[in-house]
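K.L.:
My questions will all concern the structure given below.
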């Protein structure tokens with residue numbers, strides 16, 4: 001690939017950062033919408049523990065699909081993979097809205113099964129977009145992946161804010177929960193359509209994106225070669241001596257970064273063992289009433305978002321692999337802290353503890369995912385990004401499974 005313009009790699013940088021933020025938001029917006037609407041689902045399905053069951057349904061589809069995609073990473077067109085994921089998010093969000101309209105906001109086993117099916121579709125979409133986008137952005141600028149991860153956290157904060165607004169707007173009206181849910185689902189569906197359009201028509205046209213895609217193709221990646229060929233960009237995968245470039249295998253990359261992989265697994269296993277199930281059902285009765293769980297989830301999401309911006313300050317970014325592991329393991333202290341706070345503490349202490357859980361989750365996620373790809377070729381960074389997200393989703397799956405342990409002694 002020839003690059004005679006030294007300014008080309010920076011053209012469109014700011015626009016790419018903004019688009020990455022929006023795409024990160026869209027990667028989890030629909031799923032966070034389903035999590036944030038838990039008060040509505042608990043009202044519709046009081047016997048089915050929706051805050052736990054929907055997450056438990058979601059995860060096998062996400063982890064299983066991503067495991068296959070990570071294994072076949074070098075043979076899959078990344079652009080088509082991501083586009084499929086965002087399109088599936090849009091279709092699934094629309095399905096939730098239509099299901100709620102058709103059933104007129106009535107519960108029952110049949111409706112719950114339909115919601116569970118949509119939850120599984122969200123898992124498949126997440127595996128396509130989250131793994132694909134993190135892998136793709138890993139060989140671009142660190143600011144891109146940081147912006148994407150911040151956008152993913154912002155989806156939680158935005159959905160929480162929207163949920164609080166819709167709940168307040170319709171709280172005193174007849175069927176207020178149902179009306180608020182319809183508005184909520186409509187916004188989610190529209191935003192996912194926006195993400196489809198952004199990834200399909202805006203992101204690939206940015207000069208800096210074209211530069212990095214052609215660069216990674218020249219280093220041996222096949223994931224964008226066909227798309228670049230259509231633009232007339234040649235990508236000879238050879239080194240300076242004319243020999244074909246060789247990349248490290250996925251297994252070797254995993255062995256070299258097993259500490260980072262375990263770190264991500266532990267971060268999300270701990271977080272999801274508490275959020276959102278425990279926060280939705282096990283914090284007791286307080287003066288905030290039905291608003292309490294919503295406030296806790298909102299505080300978690302806002303602090304998770306703040307935590308993902310802290311590493312932008314280099315002096316506050318933790319890059320030592322040993323220290324990252326120590327800090328991540330120390331988060332296990334959150335388990336007894338939440339247990340005793342729920343049993344003996346006031347709502348103020350619970351809100352503070354939930355905020356710390358979100359802050360550390362966001363901060364440590366960005367530190368790991370921006371540090372791990374350094375020193376590798378583009379195709380290796382792409383593959384490593386997929387593997388790390390696989391462990392991240394594995395941690396989420398373990399967390400939502402462990403979340404059921406909080407029910408021991410409560411009729412289970």
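Using the three backbone atoms N, Cα and C, a Cβ is placed for every residue, glycine included.
Curation does not apply to TrEMBL; its annotations are automatic.
This is the feature table in TrEMBL:
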type     : residues : note
TRANSMEM : 12-31    : transmembrane segment
TRANSMEM : 51-71    : transmembrane segment
TRANSMEM : 83-102   : transmembrane segment
TRANSMEM : 108-127  : transmembrane segment
TRANSMEM : 148-170  : transmembrane segment
TRANSMEM : 182-203  : transmembrane segment
TRANSMEM : 260-279  : transmembrane segment
TRANSMEM : 291-311  : transmembrane segment
TRANSMEM : 323-342  : transmembrane segment
TRANSMEM : 348-372  : transmembrane segment
TRANSMEM : 384-407  : transmembrane segment
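Please go over these features one by one and say how buried each is and what sits next to it.
P.N.:
Among residues of the same chain six or more beyond the transmembrane segment (51-71), those with a C-beta under 8 A of the stretch's C-beta atoms are 31, 34-35, 38, 41-42, 81, 115-116, 119-124, 126-128, 130-132, 250, 272, 276-277, 280-281, 383, 386-387, 389-390, 393-394, 396-397, 400-401, 403-404.
Residues 27-28, 30-31, 34, 41, 44-45, 48, 50, 53-55, 57-66, 69, 85-86, 88-89, 91-92, 95-96, 99, 393 of the same chain, all 6+ positions outside the transmembrane segment (108-127), place their C-beta atoms under 8 angstroms from a C-beta of that stretch.
Away from its own ends, the transmembrane segment (148-170) comes close to residues 20-29, 32-33, 35-37, 39, 130, 133-134, 137, 176-177, 179-181, 183-184, 187-188, 291, 294, 297-298, 300-302, 304-305, 307-309, 362, 365-366, 369 of its chain (Cβ-Cβ under 8 Å, at least six residues beyond either end).
Long-range contacts of the transmembrane segment (291-311) within the same chain: residues 32, 35-36, 38-39, 146, 149-150, 153-154, 156-157, 159-161, 163-164, 167, 275-276, 279-281, 283, 317-318, 347, 350-351, 354-367, 370, each at least 6 residues beyond the stretch ends and with a Cβ under 8 Å from a Cβ of the stretch.
Tertiary proximity for the transmembrane segment (323-342) is limited to same-chain residues at least six positions away from its ends with a CB under 8 Å from its CB atoms, namely 259-260, 262-263, 266-267, 270, 273-274, 278, 282-284, 349-350, 353, 356-357, 360, 364, 367-368, 371.
Same-chain residues lying 6 or more positions outside the transmembrane segment (348-372) and placing a CB less than 8 Å from one of its CB atoms are 134, 138, 142, 145-146, 149-150, 153, 257, 260, 263-264, 267-268, 271, 274-275, 279, 283, 295-296, 299-308, 310-311, 317-319, 321, 324, 327-328, 331, 334, 337-338, 341-342, 384-385, 388, 392.
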K.L.:
If I count Cβ-Cβ pairs under 8 A between the transmembrane segment (83-102) and each of 12-31, 182-203, 260-279, 384-407, which range comes out on top?
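P.N.:
The stretch I would name here is 182-203.
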K.L.:
Among 12-31, 182-203, 260-279, which stretch has the most Cβ pairs under 8 Å to the transmembrane segment (384-407)?
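P.N.:
The listed stretch sharing the most Cβ pairs with the transmembrane segment (384-407) is 260-279.
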K.L.:
If we skip the immediate neighbours and take only residues 6+ beyond the ends of the transmembrane segment (260-279), which ones have a Cβ under 8 Å from one of its Cβ atoms?
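P.N.:
For the transmembrane segment (260-279), the sequence-distant neighbours (Cβ-Cβ under 8 Å, at least 6 residues beyond its ends) are 35, 38, 49, 51-52, 55, 254, 293, 296-297, 300, 321, 324-325, 328-329, 331-332, 334-335, 338, 342, 354, 357-358, 361, 364-365, 368-369, 371-372, 387-388, 391-396, 398-400, 402-406.
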K.L.:
Do any residues, 6 or more residues outside the transmembrane segment (182-203), come within under 8 Å Cβ-to-Cβ of it, and if so which ones?
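P.N.:
Same-chain residues near the transmembrane segment (182-203) but 6 or more away: 15-16, 19, 22-23, 25-27, 29-30, 33, 36-37, 82-83, 86-87, 89-90, 93-94, 96-97, 100-101, 159, 162-163, 166, 169-170, 209.
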